[in-house]
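Peer 1: Structure incoming, see below.
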Amino acid sequence: MRPARHPASRPAVGLRDRAGASARCRGPGLASAVRADRHAGRRGVTAPSILSVEVTPSLGSEVRRIRAYLRKEWLLQLSYGFPLLSATFGVFTTLATYFFIDRLFGRQLTPELAPFAAPYFAYAVVGNAFLAYVGTAIGGLSRRVGVEQSLGTLEVLLATPTRLWVLILAIAVWNTIYASAEVVLFFLVGGVGFGVDWGRINWSALGPVLGLVVVVFNSLGLAEAGCLILFKRGVVGAWALNGMCALLGGVFFPVAVLPDWVQWVAELNPITHAVRSLQLAIFQGVPLRGLGKELAALTLFAVLLVPLSLGTWRWAFRRARLDGSLSLH
């Protein structure tokens, strides 16, 4: 008499992920795998289980997960109430401070501002818009990972068929969209509210510069998020380091006003090259070939930081998963 098989021993053969998207199976077909499993059971031979079949989510399902994450973040922002109004008020008060500082000194075009052909207030508008962008790119990723970790949803999310790179990409895309909206708000308030002229922008040069800026500073944000996962806190003194980089990077004033030896240190700062290229493309309309030095520096930073940040994130995630501390914060 053949012994009855326990229901729990029956393998699950569902091939639909949680998003409802079809998955692809590598290896033999399910029917042949089931027959081989039953035949081996009769002979007392251990055969590869159907559970060992690798399930690979399709590209369409990954795109849907990214869209779902973006929709979740959008609804979260709307739940706070009047986000656009509060952001506009914050931008207006920030720019008003620099506007009256510029009026205090008579709106003079100093020799340090001459290469950009812009008064101090216009220079400060671009610098503060860039600073908001960098703050969102660097701090936004680690902040978002910290929130998901503290709520206990990070471990649950990564336990689903969602791949790690999909989660990283979704967070980076949302940060880029949010930061870009902040930049547009700075430009609108600066132009409409304070009369800054944006008529000389070279859009063909601005696009590649912004692309490199996104890659470089999202890489820094990814590295900081890895440290947050591993050490349960961000990089010690990261806020001070970011502030120092902004101070030496020409965000608030041109680097030319700094002492000579500090200017040499500032050349090692990616913010310096990003701000300089943005100011030249916006106010002077410098073409892409005229930004060769700055683009080369940003490209070098991207080549160095992308693999370093990805390696830091993978190592931190692997260590946290092995230690069982992925959900701890």
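First residue shown is number 1, and so on along the chain.
In case you wondered, yes, glycine gets a Cβ from its N, Cα and C as well.
Those TrEMBL annotations? Automatic predictions, nothing curated.
Copied straight from TrEMBL:
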type: DOMAIN; residues: 247-316; note: domain 'ABC transmembrane type-2'
type: TRANSMEM; residues: 74-101; note: transmembrane segment
type: TRANSMEM; residues: 121-143; note: transmembrane segment
type: TRANSMEM; residues: 164-189; note: transmembrane segment
type: TRANSMEM; residues: 209-231; note: transmembrane segment
type: TRANSMEM; residues: 238-258; note: transmembrane segment
type: TRANSMEM; residues: 295-317; note: transmembrane segment
Peer 1: Looking only at the recorded stretches 74-101, 121-143, 209-231, 238-258, 295-317, which one has the largest tally of CB-CB distances under 8 Å to the transmembrane segment (164-189)?
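Peer 2: Of the candidates 74-101, 121-143, 209-231, 238-258, 295-317, 121-143 scores highest.
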Peer 1: What residues elsewhere in the chain lie close to the transmembrane segment (295-317), defined as a C-beta under 8 angstroms and at least 6 residues from its ends?
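Peer 2: 164, 168, 208-209, 212-213, 215-216, 219-220, 222-223, 225-227, 229-230, 267, 270, 273-274, 277, 288, 326.
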Peer 1: Looking only at the domain 'ABC transmembrane type-2' (247-316), how are its residues distributed among DSSP helix, strand and coil?
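Peer 2: Counts, helix then strand then coil: 56 helix, 0 strand, 14 coil.
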Peer 1: So which of 74-101, 209-231, 238-258 has the most C-beta pairs under 8 Å when paired with the transmembrane segment (121-143)?
Peer 2: 209-231
Peer 1: Please give the sequence-distant neighbours of the transmembrane segment (74-101): residues at least 6 beyond its ends with Cβ less than 8 Å from one of its Cβ atoms.
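Peer 2: Beyond its ends, the transmembrane segment (74-101) has Cβ neighbours at 120-121, 124-125, 128, 182, 185-186, 189-190, 193-194.
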